[in-house]
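Below you'll find the structure, written out as C-alpha cells, and then a few comments.
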Amino acid sequence: MSKIVKRKEKKANDELTSLAEKIRAKALENQKKLIEAEKEGGSESDSEEDATAEKKKVLKSKSKSTVSTQNENTNEDESFESFSELNLVPELIQACKNLNYSKPTPIQSKAIPPALEGHDIIGLAQTGSGKTAAFAIPILNRLWHDQEPYYACILAPTRELAQQIKETFDSLGSLMGVRSTCIVGGMNMMDQARDLMRKPHIIIATPGRLMDHLENTKGFSLRKLKFLVMDEADRLLDMEFGPVLDRILKIIPTQERTTYLFSATMTSKIDKLQRASLTNPVKCAVSNKYQTVDTLVQTLMVVPGGLKNTYLIYLLNEFIGKTMIIFTRTKANAERLSGLCNLLEFSATALHGDLNQNQRMGALDLFKAGKRSILVATDVAARGLDIPSVDIVVNYDIPVDSKSYIHRVGRTARAGRSGKSISLVSQYDLELILRIEEVLGKKLPKESVDKNIILTLRDSVDKANGEVVMEMNRRNKEKIARGKGRRGRMMTRENMDMGER
C-alpha cells in the first residue's frame with residue numbers, strides 16, 4: 001500500500017516538475033522574442049537608459065498643481081530646476097545630488113518654500129510624488145542651524161513606512177551628522193529606550209509605541225520638540241489612531257512647534273485633525289481627487305469562475321523577469337499564493353500582518369534587493385512604502401473601496417517611471433470595478449488572453465494549488481497542537497501550584 005502511495009506522490013511531483021519546466025521554456029521563448037523585438041526597434045526597452053529618458057520626458061511636462069487654503073500660494077505652475085534654487089544648506093544640496101534627485105517634484109516645489117519660511121503645511125499629493133522628502137528637507141535644513149536633540153518627531157501608520165522614512169532622513173542627512181531612531185511596535189522596548197537616551201535628532205514612530213515611551217520611559221519627553229509631522233494622515237485615522245493622536249497632541253508643546261500634515265487624500269477627519277493641530281497652514285495640493293499618474297497603464301482581465309489561480313500563473317509566465325506585487329484581500333491568500341508561485345519556481349515572498357517585524361522587513365529586503373521578483377501582499381504594503389522599480393501590480397482580489405485601489409496601483413509607475421496594473425475580475429467583482437472606473441473617470445481596457453495556454457495550465461495549476469493548501473493545513477494543525485501542548489503544560493503547573501497551596 002505504501003508503495004502505491006509513494007508512486008502516486010512521485011507521479012504528482014513529476015507532473016509539477018514538468019509544469020515548471022514548461023513554464024520556464026515558455027518564459028525563455030518570451031524573453032527571446034522580446035530581445036529580438038528590441039533589436040528590431042519594435043518594442044520599448046526596459047534598460048536603465050530608457051527608464052531615465054522616460055523620467056526626463058515626464059519631468060519636462062509641467063505638472064498642473066493647485067494651492068488653495070488659509071494661506072494661498074497663487075503661482076500654480078511654480079517649479080524649480082534644481083534643489084540649489086531652494087536656498088538649502090550646501091550639505092543638503094550635495095546629499096540630493098548623491099541621491100540622484102535631479103529636480104524638486106511638484107509637491108516638493110509647492111511645500112518646501114513655505115516650509116522654509118516657517119509655515120505649518122498641509123501637503124496633499126498622489127502616492128509616489130516625493131512627499132517624504134518634501135517634509136524631510138525643510139526639517140534638516142533648519143536642524144543644521146539648531147542641532148538639538150528630540151528636534152523632530154514623524155508619526156507614521158505602519159512599521160514599514162516608519163522604517164522607510166528613517167532611511168530617507170538618514171540618506172538626506174548623511175553629510176550633516178544627523179542621528180535618527182525608529183520607534184515602532186513589534187520591537188524590544190528596552191532597546192528602543194536606550195536609543196532614545198542617546199538623544200537622537202529625529203524620531204520616527206508609530207503612534208501607539210511613541211505613547212508607550214512617553215508614558216513609561218524615564219527621562220524621555222518631547223517638551224522641546226520643534227517639528228511634528230503626521231505622514232499618511234488619512235491612513236493614521238483610518239487605522240483608528242485618532243484617540244492616541246489626541247493624547248500625543250496634548251503632551252507635546254504647541255508654542256514654537258511647526259507641524260506638517262501630509263496625506264494622499266483630504267477627508268472630513270483630516271480637516272478636523274488639521275484644525276486641532278495646525279496654525280494657519282499653507283495647503284499645498286498637486287492632486288485634490290483620487291487619480292493615478294499618466295505613466296501607469298491600467299487594464300483588467302475577466303476571469304471565469306474557478307480559474308483565478310490559472311490566470312495568475314499565466315500572467316507570471318507572460319511577464320517573466322518583471323518585478324511584480326500581487327495584492328490579496330486576506331493573509332491566508334497571501335501565504336497560499338506565495339507558496340504556489342514558489343512551487344512553480346517563480347521566486348516569491350509574502351508580506352502580511354501575521355508576520356513579526358523582522359519577518360516583514362526580511363520579506364521587503366528580499367524583494368528590494370532583487371532576490372525575489374514577486375511580492376504577494378495584503379494592503380499593509382499598499383501605502384507609503386518606497387519600493388523602487390516595481391514593473392507590474394496585480395490585483396488578485398479587487399479592493400472593496402476605490403481609495404485602496406488607487407494606493408495599490410500607486411506602487412508602480414513612481415517618480416516618472418512607467419508601470420502597469422492588471423486586475424483579475426470575476427463575475428462577483430463587476431460592481432467593485434464599476435465603482436473604480438467611475439472614480440477614475442474612464443473604462444479600463446481588457447487584457448488579451450491566450451485561451452489555449454489557459455487550458456493547458458489549468459489542471460497542473462489546480463494540482464499545485466492543492467499541494468500548497470494541504471501543506472498549509474498541515475502546518476496549521478501542528479501550530480494548534482503546539483498551542484494545546486503549551487496550554488496543557490501551563491494547566492498542569494497551575495494544578496500543581498494549587499495542590500501546594
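Note: Cβ is positioned from N, Cα and C throughout, glycine not excepted.
What Swiss-Prot records for 36-79 (among others) is region 'Disordered'.
Positions annotated as phosphoserine by Swiss-Prot: SER43 (among others).
Look at Swiss-Prot and you will find SER45 (among others) tagged as phosphoserine.
The phosphoserine annotation in Swiss-Prot covers SER47 (among others).
The domain 'Helicase ATP-binding' annotation in Swiss-Prot covers 112-284.
Among the features that Swiss-Prot reports, ATP binding site is placed at ALA125, GLN126, THR127, GLY128, SER129, GLY130, LYS131, THR132. Secondary structure at LYS131 (ATP binding site), as computed by DSSP, is helix. Cβ neighbour count for LYS131 (ATP binding site) (all protein chains, 10 Å cutoff from its Cβ): 26.
The annotation motif 'DEAD box' is assigned in Swiss-Prot to 231-234. Counting residues 6+ beyond its ends, the motif 'DEAD box' (231-234) has Cβ neighbours under 8 Å at 131-132, 135, 154-157, 161, 165, 261-267, 269-270, 273, 383-384 in the same chain.
As annotated by Swiss-Prot, domain 'Helicase C-terminal' applies to 307-461, with the evidence given as sequence analysis. For the domain 'Helicase C-terminal' (307-461), the predicted model reports an average pLDDT of 91.
Marked as region 'Disordered' by Swiss-Prot: 480-501 (among others).
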Review point. In the motif 'DEAD box' (231-234), how many residues does DSSP call helix, how many strand, and how many coil?
Key: 2 helix, 0 strand, 2 coil
**Study point:** Three-class DSSP secondary structure - ALA125 (ATP binding site)
**Key:** coil
